[in-house]
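**Student:** Below: one structure in structure tokens.
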Amino acid sequence: MLVAEKIGKRFPGVVALDEVSMELLAGKVTAIIGENGAGKSTLMKILSGVYPEYEGRVLYKGTEVKFANPKEAQECGIAIIHQELNLIPDLSIAENIYLGREVTNEFGVLRKRLMREKTQELLDKLKLTVNPDTLVRDLKVGQQQVVEIAKALLTDAEVIIMDEPTSAISDHEVDILFGIIENLRRENKAIVYISHKLDELFRIADRYIVLRDGRVTEAGEMKGIDHDAIINKMVGREVKMVNKGSRVVGTEKLLEVNRLSLRPLDSLKRMLLDDISFHLFRGEILGVFGLMGAGRTELLESVFGLHPSKCVGEISIEQHKIKLRSPEDAINAGIALVPEDRKKDGLVLGLDVKTNISVSVLDQVSYAGILSDKKEVDLAQQYISSLRIKTPSCKEKVKNLSGGNQQKVVLARCLATRPKLLMLDEPTRGVDANAKHEIYKLIFELSEAGLGLIVVSSELPEILAVSDRILVMSEGKITAEFSSHDANEDNILKAAIPKTI
Amino acid sequence: MDISQYRSKLARFQSSIALFVLCLALSILSDKFLTPENGWNILRQTSVNVCISVGMTLVVLTAGIDLSVGAVLALSGAVAAGLLKTGIELPSNDLFVGFTLLGTIVVGLITGSFLGFFNGWVITRFKVPPFVATLAMLTIARGFTMLWTKGYPISGLGPNFAFIGTGWFLGVPVLVWIALIVVVVAVIISNKTAFGRYIYAIGGNESAAKLSGIDIGKVKVLVYTIAGALAAVGGIMVTSRLDSAQPNAGMGYELDSIAAVVIGGTSLSGGRGSIMGTVLGALIIGVLNNGLVLLDVSPFWQQVVKGLVILLAVIIDKVNSKAE
């Protein structure tokens, strides 16, 4: 269907792709695997017309094509569904699907009924039972993804590229998505599936292509290759699953949360946090698992003082009750939070590494209110080496770092405040397998140094790998607690699935 | 060094280069341009805009905007002038409070600071967009100026007050000294203090700044207060130079000041830019105004040219940041 020959793409200072050749077959799902920065996104952006300039050539159904922009690629039959969905929240599903290719009558007036009916047909086909007039704003993330797919189908796309489609949706929605992909495969579409989640690839993909440092290192059938072999090819060396070893947990209570509740903005909705009580020992790693909307993030935010006016309950650090009115208070009380979305909430991307690390502790790096460049650089260097942050210098802009290293910069900023309690929300989202293990290692090192850690994750293997104890949340409540010996994927999931549907 | 490095070097000094080229061209085109008198003239004329634009830069760095600076300038200047001239009479107690020169200046500055503080409070407390909040302040302050002056200029403020606007100190006009001090202090604050760092962090990513424990509200209120105070400084300067507080003083100054900020390379979306860039921007506008007058270009064409220069500056900036 689509053949790429010796594709090369250079950016100032880096070779993003180097003579990459690959082939997409009709009726097959091809998985593109690689660490962050391996060149997956660049390759997809070339195929979908985002980057019009590159070396090598692309053959589509046997003829060479060169797209000047994404629209040309779409018209040709290549659709891409980006990780960040490109929908307009205040337009309806039908309006979104027809955006840029509205059907009009001879006077230029929109044929709304026709478009609505066509949209309905598409939605039926994709088994999304909502009205085409629904605003996209009111849809769940998973449903929005289906709308994106409908958009691709409307143009009769033959090649559909999905970039990390499951990064923000629940397991149930993943099942629906896979059903849709199954149907598309039967209709002889060529599908490209990019994901970090290897388990998914084994479920859905027929073939795989592994990219590393801009080159194809391996390609073949999904059958006859296993988990470890793929990871091996991605990183170029053996990566073992983390080994916790024997863990010693302190007996001193570091954090105690008593009857914490969080009111929603809208009084009709259920409580976001409903009567939550738990504790954390010094040196302990507490895993918190929950599905989308279970209240995991809200729990961390409340303990971090982000919702002072909507929150009731008691929080004590080292047996002292504390009142948290702002993140500033929380930081002063020895609490630190690594937020879920590091680009949105964690980092000032346009500023350099040292500035991002020192921003919470500027008084530590000043003399009489005047910042000292030397002290700031020293502080940054200390964390760059202790957290093994890979950066050309501490004056590099954070946006030029890889996902894993950006995450470490956030971690460095938090550690610079010398916290007793470190809370990590989805610490390994969007980082590659290798960086993941680095971060797990750091988590263990920190707990051995006496910190209490709370790790929130939507990935079960992650929770099971790092936690000493696991809390499961569902609909704002804690529904189960397991020690690491008793926990397994089954009992955790059972406790996480909401009872009221 | 490859081309992209040259390019980024060039981009960093684009304002300086533009200013240099502009001066070069004008000194060839007009023999009156490159004289000491004209040089001081330009600096004196630019000094007011520099002061206001320094405050505007801080505001814009937090991803805000302050449209009220011109009106705040007028009200602060008028308050100072009015108090100097007549003091305050409290008829009920038959009391008269007179003001010294320093006293009037202090009250003028307090007026501007308070209006700026009010802007910041409305913006942070009620989450009113800066554009709207300061637009409202623009008409409020202008209205108060009219009420205070009853629509007439307050003139004849005496030689001591006029010294600020027309005097010289150590061979440099006092106005230029004031602008210089404002710039030096602002450069130190923006580069060398935690407060300055917070301004950049908030403009770069407000949510990350908040989670880093920065009190966003406090920083923003302070930034708008500073902008108001510097507008008041401008008000004192203008009033003193004209020896008169005009009710419509500072009309349109907010636009010149935003232009200086933008030409100086500060991003209107916040987080990126510098005080020195703004100073260069203000100088470019000042030299341009002066040169067009010397070349006898009609004032109408001057406006057109100024607008085109602003557009050009922003386009160059966009092209450069894309290349980066």
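Each residue, glycine too, has its Cβ placed from N, Cα and C.
Quick paste of what TrEMBL says about this protein:
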TRANSMEM  B:12-29  transmembrane segment
TRANSMEM  B:50-75  transmembrane segment
TRANSMEM  B:95-118  transmembrane segment
TRANSMEM  B:130-148  transmembrane segment
TRANSMEM  B:168-189  transmembrane segment
TRANSMEM  B:221-239  transmembrane segment
TRANSMEM  B:275-294  transmembrane segment
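What does the local environment look like for each feature on the list?
**Tutor:** Outside the transmembrane segment (B:50-75), and at least 6 residues removed from its termini, the chain residues within Cβ reach (under 8 Å) are 111-112, 115-116, 119, 123, 130-131, 134-135, 137-142, 144-145, 148, 178-179, 182-183, 186, 190, 199-200, 202-203, 206, 219-220, 223-224, 226-235, 237-238, 245-254, 256-258, 260-261, 264, 266-275, 277-279, 281-282.
Below 8 angstroms of C-beta separation, residues 55, 66, 68, 72-73, 75-77, 79-81, 83-84, 87-89, 137, 141, 160-161, 221, 224-233, 235-236 of the same chain, each at least six residues beyond the ends of the transmembrane segment (B:95-118), sit close to that stretch.
For the transmembrane segment (B:130-148), the residues of the chain that approach it from at least six positions outside its boundaries are 59, 64-68, 70-72, 74-75, 78-79, 82, 115, 118-119, 122-123, 247, 254, judged by C-beta separation under 8 angstroms.
Counting only same-chain residues 6+ beyond the ends of the transmembrane segment (B:221-239), those with a CB under 8 A from a CB of the stretch are 47-49, 51-52, 54-56, 58-59, 62, 64, 66, 68-70, 72-78, 80-81, 105, 108-117, 119-121, 123-124, 157, 161, 164-165, 175, 178, 182, 195, 199, 245, 249-250, 253.
A Cβ distance under 8 Å defines the sequence-distant neighbours of the transmembrane segment (B:275-294), meaning residues of its chain 6+ beyond its ends; these are 15-16, 18-19, 22-23, 26, 29-30, 32-33, 38, 41-43, 45-46, 49-50, 53-54, 56-57, 183, 186-187, 190, 256-257, 259-266, 301-302, 305-306, 309, 313.
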**Student:** Same-chain Cβ contacts of the transmembrane segment (B:168-189) under 8 Å, 6 or more residues past its ends?
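**Tutor:** Long-range Cβ neighbours of the transmembrane segment (B:168-189): 40, 43-44, 46-48, 50-51, 54, 57-58, 195-196, 230, 233, 237, 241, 275-276, 279.
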